[in-house]
């Protein structure tokens with residue numbers, strides 16, 4: 001597969017992933033608004049913070065390192081060895097599930113059974129759902145490596161729908177079940193997800209489509225672990241790379257879910273406050289998750305396939321390096337502009353958004369301040385996602401190992417900052433700590449990228465510099481919308497609110513028009529890699 005074909009596939013994958021994340025976050029958004037009216041905020045806090053943290057920790061620690069290692073390089077590799085390695089995610093996940101389940105039950109504060117019943121069953125089922133999901137890991141990596149872009153979208157979309165429908169049904173019929181409702185819905189989600197992948201590959205393997213695409217496997221039994229002739233059971237190079245990524249993923253998980261760990265282990269907020277923080281956090285991260293995360297995942301695959309890991313730009317194919325630099329520059333500009341838009345407009349519209357979504361429960365107290373600070377955090381999150389995406393795809397094993405020590409220092413500083421800033425600023429302290437740590441991570445990645453392209457004519461970090469005209473429009477929009485909020489929002493009735501929204505719409509239109517005429521390279525990238533595909537489909 002040529003570099004241009006890989007870029008086209010990665011862009012297509014990012015498009016489908018964005019669509020998936022929009023649907024997933026949209027359904028979650030509606031589901032949270034619905035459940036707020038039927039269950040207590042304490043139950044939401046236990047489910048969305050305590051139990052979801054258990055599930056995400058088990059899944060992340062069990063599979064993230066295997067994914068990154070097995071997706072590094074081309075599809076031309078011994079897939080029997082790769083599949084053997086990937087099946088290790090199941091026993092690793094089971095081990096983490098048992099260990100962490102014991103911690104969640106025996107070492108952490110147990111919620112009041114009167115207000116939050118069936119906590120023990122919730123821990124058991126969330127841990128089990130993590131192990132069930134890992135059964136599909138070999139199939140997921142195969143699909144990603146061979147760019148089966150529709151499979152992930154369809155499988156996860158159907159699974160999300162099943163989870164949401166079951167949650168709504170149980171909340172309406174048996175709201176007194178408490179944690180049973182969300183635990184059963186989570187188990188249904190992972191079970192249906194695995195079923196979708198299994199059914200797809202059972203139908204695909206041995207078909208004419210598989211033969212036409214020269215798919216490396218031909219039978220369903222090839223998906224199971226087995227011995228190989230004259231070769232080790234696993235590829236030891238990948239196994240060592242997996243271990244390097246595992247040490248890194250452990251630290252990355254602490255940074256990613258750091259505030260939840262602090263809430264869970266240090267009890268700085270009660271379960272009700274945790275519930276409110278998590279709702280605001282999810283609302284603030286909607287765009288970050290359904291746009292930035294799919295871009296990072298998809299273009300990590302692009303960079304990993306186009307560039308040779310561990311080699312400087314001058315040691316690689318010039319055309320590939322030029323293309324990678326151009327794509328990196330456009331991605332940086334794209335996420336920077338999206339992040340700036342969220343930061344500018346998020347400040348003036350946080351209070352209104354929370355009031356519409358959750359009423360006074362969310363718009364009173366610290367809710368609006370949380371969302372305003374989170375708008376700034378989204379900007380940093382956007383830039384860090386793309387810079388680390390490139391850095392992790394280009395680093396050698398030795399560089400990954402060295403970066404683990406950087407992550408260790410960042411993890412320690414983040415946990416300390418979270419604790420002390422929370423004591424000082426309450427739940428806002430979590431976001432401030434995240435901002436500081438994200439800034440340090442961006443600085444490290446920028447330094448690596450500068451060194452990587454130091455002997456090349458390409459300067460992809462120019463993507464972090466928007467045009468002066470666009471910056472002026474952003475500043476003007478920030479001032480106008482902030483003034484509009486003071487004068488019109490949010491206690492003067494719906495007419496004033498609508499006028500406030502109209503002011504924001506006009507400012508946003510000015511930003512888009514200015515970007516269209518000043519950021520021509522980015523506009524060309526979007527036209528050629530995204531819009532052209534849909535134009536061709538419509539012809």
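Positions of Cβ are set from backbone N, Cα and C atoms, glycine also.
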Transmembrane segment per TrEMBL - which of 105-123, 124-142: 124-142
Of 307-328, 461-482, the range TrEMBL labels transmembrane segment: 461-482
For the transmembrane segment (494-517), sequence-distant contacts whose Cβ falls under 8 Å of one of its Cβ atoms, 6 or more beyond its ends: 337, 341, 344-345, 348-349, 352, 467, 469-470, 473-474, 476-477, 480-481, 484-485, 488, 523
Intrachain neighbours beyond the transmembrane segment (180-202), with Cβ under 8 angstroms and 6 or more residues off its ends: 39, 43, 47, 51, 55, 118, 121-122, 124-126, 128-130, 132-133, 135-136, 139-140, 142-143, 151, 154-156, 158-160, 162-164, 166-167, 170-171, 174, 220, 223
Stretch of maximal Cβ-Cβ contact with the transmembrane segment (428-449) [cut-off: under 8 Å; candidates 331-354, 374-393, 461-482]: 374-393
